[in-house]
Amino acid sequence: MFCVKLPVSVRVEINLLLLAVTGLALVTRLYGIHFPRAVVFDEVYYGQFLSLYMKQVFFIDESGPPFGHMVLALGAYLGGFDGNFVWNRIGAEYTSNVPVWSLRVIPAFAGSFCIPLAYLLVVELGYSHFSALGACMLLLMENSLIVQSRFMLLESVLIFFLLLAVLSYLHFHKARNSSFRWFWLMICGVSCACGIGVKYMGMFTYFLLLENIHWFIRVLVRFLALVVLPVIMYIGFFYVHLTLLYRSGPHDQMMSSAFQASLEGGLARITQGQPLDVALGSQVTLRTVSSKPVPCWLHSHKVNYPIRYENGRGSSHQQQVTCYPFKDVNNWWIIKDPGRHTLVVSSPPRPVRHGDIIQLLHGMTSRYLNTHDVAAPMSPHSQEVSGYIDFNVSMPAQNLWRVDIVNRESDREIWKTILSEVRLVHVNTSAVLKLSGASLPEWGFKQLEVVGDKIYKGYQQSGMWNVEEHRYGRSQEQKERELELKSPTHSDIKRNLTFMAKFLELQWKMLTVKNEESEHKYSSSPLEWITMDTNIAYWLHPSSNAQIQLIGNIVNWTIANLALVVYCLMFLTYLLRRRRKVEDIPQDSWEQLVLAGVICVGGWAVNYLPFFLMEKTLFLYHYLPALTFKILQIPIVVEHLYIHVLKSPAQRKAFGVVILAVLCSVYVSYHNLSPLTYGQPALSSDELAALRWRESWDILLRKR
């Protein structure tokens, strides 16, 4: 205690320039974010999930992990949003219960803090504070980044975490003797996890930061910080997501029966308290494990296959068996013992085990599930599946099926409700009951085709079924049985999946189940992004020409493309000459240039080139992370040219004048486009027409 020297003093250095650009960033991003008080473009998409979050209703968003939705939900929670708003169209006026400022403020703050991060990143790369200031000014006046930061969207949040990850890694890379070195690596890992948690696009920058290590301790520490920690955080995002969203919702049917039964309400109300063991005499609905093209249940109805199909092929003219994507009384089947006539469960129940031979009797029509050597209507290489009708022709019943429990733990395992994935194998032909995925014509009510597949191999979800609803049959007579099938089951027992089982299933669905992609009016290709040949109309005032457009600062985009080309030419020139032992610049300047290229050019490439391989609807805003890194390249190229290429004072003076003129052009472009960035003031049709600097831009003109 007496070793402490008094008085204790703290010395603080404040970078006023950094504070100034941060203040300007907050002004440009936060100014008037409550306007318009209407749904702006993708707010209609994110808002639906936001309302479900507020009501703690389960949903699945196949476009990415849940952390981004959680960030937006935090703003809604702080603003007291109750989730009651119908997100059905762009331009819909927000009701009084929607805290517009709170919904938009977190993306706006994230977009604002990208500016000081850019400043620090350029300085950390070893370039001057003037270059860092130049990078900030270019980003400050980039209209597309401003627009994307001011609404309930996620690109600004993603870019914030990407820049923080890169900056932290640079601190770690350079602070070789600092006690804070490993702290920066941990921050990098956390930022990478958050970036990936917002959108899978964050994975590209994460890969950029991974490099080869030579010493074991560095391998271990970096593995823990950049692999283990992000994985734990990523799983943690889903843990919070699934903990908060415990109620049944509109996306339940995309998940397995077991997942649905773990949610409060919905299927859980039906399945809780059902018998666990499937027995002879059980009344069941059979749901396909596959969700492609949609989840559906084995179904039959009192309509036969047509005698001849449109292509002239004949059918058995027996009762149709289909897969129906809605709950219906005609989805009920009875598990029957082939050696007995009874259709009720005995006391005690006789459970069905793996390998048992059964018959499946349709509950409402009393037709046995049957398949035979007749071509299926839409899949002629497979067998037709039908409800057998005896027409007194040479077509005997073939209605025996072997129960094959795929996820069994023993060879005599009992068939379990919801939990067991079952393959039904036809005894006579060895065909597997399978959902083909094809839709039947009008005579089949557009329901999905079920076939007997004789060449079935391996694990295919389309050939797997699980019992979803289940009761022990008590009625032998048909009319009594029909009443029993229409009555609800009882609820008294709750079944839960483990978190890891739910996480793995949800992750698999997100990666494999995609909404049907359709062409959007404002979708674009990656080639159009480079020169900004496209734009997106985000919002249009209902009665005036006031509008918000995602259009970038065309001067910024042009000089960014030019800087990229100049950097590549310089790099290749230096590299070739250095191979010939000609060193035009000092070694430390060369290493500085290479590191800047890895971060800026590499950051642009990994966030841009993968989109050429993606089969999804793409928009201009997908380019914004790549654009941010490309803009950071501009002051780096400028400083290198000024110091190492231009030798005479006259050349440098002329170059300085050019730089000043370019910055003025950037400001003029930003100022002219600001009515389309902020949505106000409203411009006349002539003024809007004058802003259409490219023929491909779709600027909306209201005809009076």
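Our numbering is plain: 1 for the first residue shown, then up by one each step along the chain.
Every residue, even glycine, has its Cβ placed from backbone N, Cα and C.
According to TrEMBL, the feature transmembrane segment maps to 67-87, 99-119, 125-141, 153-170, 182-209, 221-246, 554-572, 593-614, 620-642, 654-673. Here TrEMBL flags 275-338, 349-406, 411-470 as domain 'MIR'.
Count of Cβ pairs under 8 Å against the transmembrane segment (654-673): among 153-170, 554-572, 593-614, the largest is for 554-572.
For the transmembrane segment (67-87), the neighbouring stretch richest in Cβ pairs under 8 Å, chosen from 125-141, 182-209, 554-572, 593-614, 620-642, is 182-209. Listed as Cβ neighbours of the transmembrane segment (554-572) (distance under 8 Å, sequence separation of 6 or more from its ends, same chain) are residues 138, 141-142, 530-532, 593-594, 597, 600-601, 604, 627, 630-631, 633-634, 636-638, 640-641, 645, 662, 665-666, 668-669, 693. If you look at the transmembrane segment (153-170), the same-chain residues 6 or more away from its ends with a CB under 8 A from one of its CBs are 29, 41-43, 46, 68, 71-72, 106-108, 110-111, 113-114, 117-118, 120-121, 124-125, 145, 184-185, 187-188, 191-192, 194-195, 198-199, 201-202, 205-206, 209, 599, 603, 607, 621, 624-625, 628. Long-range contacts of the transmembrane segment (620-642) within the same chain, counting only residues at least 6 positions beyond its ends with a Cβ under 8 Å from a Cβ of the stretch, are 114, 118, 121-122, 125, 127-128, 130-132, 134-135, 138-139, 142, 144-145, 148, 153, 155, 158-159, 162-163, 201, 205, 522, 524, 526, 528-529, 532, 534-536, 550, 552, 556-557, 559-561, 563-564, 566-567, 570, 589, 593, 596, 599-605, 607-608, 611, 652, 655-656, 659.
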